[in-house]
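Features reported for this protein in TrEMBL:
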| type | residues | note |
| --- | --- | --- |
| DOMAIN | 2-161 | domain '6-phosphogluconate dehydrogenase NADP-binding' |
| DOMAIN | 164-283 | domain '3-hydroxyisobutyrate dehydrogenase-like NAD-binding' |
| ACT_SITE | Lys170 | active site |
Amino acid sequence: MQLGFIGVGNIGTPMCRHLIEAGHTVLAYDVSADHLARIVNLGAQAADSPRAVAQACDIIFSSLPGPREIEQVALGEDGIIEAARPGLIYVDLSTNAPATAQEVCAALAEQGVIMLDAPVSGGVIGAERGTLAVMVGGDLKTFETCKPLLEHIGANVFHVGDIGSGCVAKLINNMLAFINTAAASEGMALGTKAGVDPHKLYDIVQASSGASWAMNQFPNKVFHGDFTPGFTIDLAYKDLRLALEMGDQLSVPLLMGSICINLMRQLRANGAGGDDMSSLARVVEDAIDWQIRAPQNM
Ligand code: NAD
């Protein structure tokens, strides 16, 4: 079976690598020549367009920034649709708007292509380790066909429901992760400014009822003042914006999410959109002129 992979950035690269290491031949495409060269070094072959990938492959994966790029890759000039044929499967691993996933799926379906939306969670570290959660929307039979491949990428592969439902689950998950990160930052700033050792406070919270996945970012990132991505604030902002749009469409108030998107807006306005999502802590730090650092481990 010939596989394709479009978009080999921070998280696409390790996901694609797992497919190569599982023994599959993978034809890759990326607008960035550097990113494409990196995956070729890891054993992929290079294509010069999404159409070329679609022409040669049975199943195409993609990991792209957001709705605009997914539409372009799937339906744009030199896109997958130009080589569409019955039997071709397209699995989008990006975090997309549910409505865009549905629109792209419908357009491809007219040409016989079946699309699944299959966003992932667990970060670049989870992708490196192959432990991601994968949440899939779309045709159940096609899901069963793709599941063994997705199990190379993730440790927990879920079928959520119809096309777009994977993205719904993912946007809810990310909204919670961002809100938890902002809340953990406030707690850590207050506790450390009150004189408690950062590592001790971290250990206590993670063993207590305030524990969260978001806290995991402190020892490796915030304590060291290391805000290199990982997962950028720009991408997190895109996800939270999509979640708030869903809230708007369904008349669901999202008070915590609204606060959190304003913290991200502040970072982006200060030129930190390309920094890691853990830099939400810096908004709290800057407000009180205090840094949550643990220099003994630096
Ligand atoms: P990234 O920006 O590092 O990677 C995106 C890749 O897509 C880049 O290599 C870019 O050159 C390429 N690209 C952009 N436009 C393209 C086009 N038109 N055609 C082909 N390639 C194109 O982003 P990332 O962090 O790897 O995230 C990718 C997706 O995964 C996003 O939707 C993100 O929300 C999601 N995600 C990321 C993480 C994470 O921790 N990084 C975690 C979960 C989900």
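Just so you know, the numbers here start at 1 and follow the chain as drawn.
Here the Cβ of each residue, glycine as well, is placed from N, Cα and C on the backbone.
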What does the DSSP secondary structure composition of the domain '3-hydroxyisobutyrate dehydrogenase-like NAD-binding' (164-283) look like, as residue counts for helix, strand and coil?
89 helix, 2 strand, 29 coil
Among all the protein chains here, how many other CB atoms are within 10 A of the CB of Lys170 (active site)?
27
